[in-house]
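Visitor: If you scroll down you'll find the structure; I have some questions about it.
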Amino acid sequence: MSKKIRVGVIYGGPSVERAISLITGKAICENLDKKKYDVMPLEMSKDKKFFLDNNYYKQLNAPGKKSASKKTTLVPVKDNQFGKDKLDIVFLALHGTFGEDGKIQSILESLGVKYTGSGVLASALGMNKVYSSEIYFANGLPFPEFINFKKSGWKNDNAKVLEDVKNKIGYPCVLKPVDQGSALGVSIVESELELKKAIVKTIKQFSWLMVQKFIKGREATCGVLEKNGSPFPLPPTHIVANMGEFYDYKSKYKKGGSTHVCPADFEGHINEQIQTLAVQAHIALDCTGMSRTDFMVGDDGKLYVLETNTIPGMTPTSLFPEAAGKMSIDFARLLDLIIKAAI
């Protein structure tokens, strides 16, 4: 009998997306094939310390046990328990800051531990919409026009920021943090007064903002997987927000908040273009294993790349696994492919 692969699943973390990461991590733990993997659930605390959920670990890896334990027994993980001699690979289920921005990736690389998904640079680029936009532009990928500014720039000369928006972007426009996911801090504004109020509110929590041209149209997303080192696209998804103006945090995570049409019900050539651009974005950012790129399909027929997620949501009903399922790749098989791409 071949030896099981020791997989540490890291979830939780310090970001504002912690709650979603906890759900993603538990879903991955429970759907990894226990005949192939010895699964170690590793929760990262808000202060970036690691804990093994010992009771959960025993239940996950015990024969015939399928459901998660309701009792949590967190045991601190020491540095010498986290090396490559203890784990064959880490499955990253962290979202947002510290998970998708290259920080945890750099820590794991310093320990010599393999991990799923993109490397340090690709993760950092994908998390930062300003830096990733430069990569998109350099590779001929369409991205909405924008300006960006930091808290100090707004404090020192907010009149210039507002003037730049008026002259370069226009209204309506979209305000968003440069380095956050899950549509956190995003708002659509119709006037300078609305924008000023939105900036004053948002900049208290996020120190680097961008104002982007508003694209009237439909929202879409497309995942990319790798097999034998070659990226291939999943079927694109048309996202219909049932709450609010766009696919915001509430629409993403509230029950009934959105409708996912997969494969997307766009014209055939648009679906093909979305898939092509998703693979191009994956390659341009030098992503590894998986990615999911979000789009706007403009009413004028033009496509715009919005951002690339290097660690897509990974519950069985998330966009990425949902699209994989349309290609007859079930959740357990999807996790296999992601691990194989990293090993």
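Numbers run from 1 along the shown chain.
Quick reminder: no glycine exception, Cβ is built from N, Cα and C everywhere.
Just so you know, TrEMBL annotations never went through curation; they're auto-generated.
Okay, so TrEMBL annotates it like this:
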{"type": "ACT_SITE", "residues": "GLU17", "note": "active site"}
{"type": "ACT_SITE", "residues": "SER182", "note": "active site"}
{"type": "ACT_SITE", "residues": "SER318", "note": "active site"}
{"type": "BINDING", "residues": "ASP294, GLU307", "note": "Mg(2+) 1 binding site"}
{"type": "BINDING", "residues": "GLU307, ASN309", "note": "Mg(2+) 2 binding site"}
{"type": "DOMAIN", "residues": "133-340", "note": "domain 'ATP-grasp'"}
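Could you tell me the structural context for the features on the list?
Guide: According to DSSP, GLU17 (active site) is assigned to coil rather than to any helix or strand.
Reduced to three states, the DSSP call for SER318 (active site) is coil.
For ASP294 (Mg(2+) 1 binding site), other Cβ atoms within 10 Å of its Cβ number 22.
In the three-state DSSP scheme, GLU307 (Mg(2+) 1 binding site) is classed as strand.
Per-residue pLDDT, averaged over the domain 'ATP-grasp' (133-340), rounds to 91.
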Visitor: State which of the following recorded positions has the fewest other Cβ atoms within 10 Å around its Cβ: GLU17, GLU307.
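Guide: GLU307, out of the recorded positions GLU17, GLU307, has the fewest neighbouring Cβ atoms within 10 Å.
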Visitor: In angstrom units, rounded to an integer, how far apart are the Cα atoms of ASN309 (Mg(2+) 2 binding site) and SER318 (active site)?
Guide: 13
Visitor: Sorted by position, what residues of the same chain at least six away from SER318 (active site) have a C-beta under 8 A from it?
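Guide: Spatial neighbours, sequence-distant, of SER318 (active site): THR24, PRO312.
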Visitor: Between GLU17 (active site) and GLU307 (Mg(2+) 1 binding site), how far is it from one CA atom to the other, in Å?
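Guide: Each residue's Cα considered, GLU17 (active site) and GLU307 (Mg(2+) 1 binding site) end up 17 Å apart.
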Visitor: Including all protein chains shown, what's the count of other C-beta atoms within 10 A of the C-beta of ASN309 (Mg(2+) 2 binding site)?
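Guide: For ASN309 (Mg(2+) 2 binding site), the 10 Å Cβ neighbour count is 22.
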